[in-house]
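Features reported for this protein in Swiss-Prot:
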ACT_SITE  Asp89  active site, proton acceptor
BINDING   Asp89, Gly90, Asn163, Glu164, His174, Arg191, Asp193, Thr204, Ala205, Tyr206, Ala207, Leu208, Ser209  NAD(+) binding site
Amino acid sequence: MGINFDVSRPKARSSINMTTKFHTIGLIGKPHHQGTNQTLKRLHHWLTMQGFEVLVEERVAAELGPNIEAVDLLEIGARCDLAIVVGGDGNMLGAARVLARFDLGVIGVNRGNLGFLTDLPPDAFEEALAKVLDGEFDTEHRFLLEAEVYRHGMLKASNTAVNEAVLHPGKIAHMIEFEVYIDDQFMYSQRADGMIVSTPTGSTAYALSAGGAILTPNLQALILVPMFPHTLSCRPIVVDACSTIKMVVSPDNGENLEVSCDGHVHLAVLPGDEIIVRRSSERLRLIHPKGHNYFHVLRTKLGWGSKLF
């Protein structure tokens, strides 16, 4: 059953508490998801009644009813000073790759599974969000990766990633051969199913499942995690975030290789191509409720043991 709010026009901005850090708020969510739509409707109504200017990402705006200002992600980035993403970490990652180029805060309402990046509960967000809007929040910057594919010295494709850039064999799993260089220094050759280059943000995602270490978000580091290497001695390695990672694909590999950015964007790779992964100049400005504790998040999301004494 849908929720039918009678949404009136925003009040004058002068009605907003003068300590408020935000004035124009963008709402982003997972399209065609009933729970997300209900939360977005509540958010839109609640924010509008408090006098905020509210923009809604166009993919979900049509499902929220009339009197909604629908815009794309780029316009949210340009016009808003806060974006609220309703969904799971995948929705947050997709929005973050676009919004990181703008100077706005981003906070998440969890409508997914784990929700490492989405702090607010979907059914009781008002109290915590009210404090955030009154200026009681912690800010955390997360750097992104830039992944580039070169063919015969020419740039063929590029994109950014919040979590990780992954070299892999495409749709059919099989072993591939490649060399890895750190700052143009040869590190090793690999025969493996691929390679994960992860940020600290991504170290609790795909890299963790592949046996990588957890990096705290404030670390300026990257972790390289081989995927099912055909050796007994290969281990993940952590390098400085300023390092340039180069992977050279053997010309003897088959075709249809890919580099995936956060599992969303796929860059085609051919035998002999070079993949460059480095830290992007863009940063995501995450907003957390005051007192956010990263290790508490790890305990609750990953099921770590409770304190014994």
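Any Cβ shown, glycine's included, is placed from N, Cα and C.
In sequence order, Asp89, Phe116, Asn163, Glu164, Ser198 are the residues of the chain that are 6 or more apart from Ala205 (NAD(+) binding site) and have a CB within less than 8 Å of its CB. In this structure, the recorded positions under consideration are Asp89, Asn163, Ser209, and the one with the smallest number of other Cβ atoms within 10 Å of its Cβ is Ser209.
The Cβ of Ala207 (NAD(+) binding site) lies under 8 Å from the Cβ of Glu164, Ile196, Ser198, Ile223, Val225, Pro236, each on the same chain and at least six residues away in sequence. Residue annotation for NAD(+) gives Asp89, Gly90, Asn163, Glu164, His174, Arg191, Asp193, Thr204, Ala205, Tyr206, Ala207, Leu208, Ser209. The furthest Cα pair among them is separated by 31 Å. Cβ neighbours of Asp193 (NAD(+) binding site) (same chain, under 8 Å, six or more residues apart in sequence): His168, Pro169, Ala173, His174, Met175, Ile176, Met227, Phe228. Secondary structure at Ser209 (NAD(+) binding site), as computed by DSSP, is helix.
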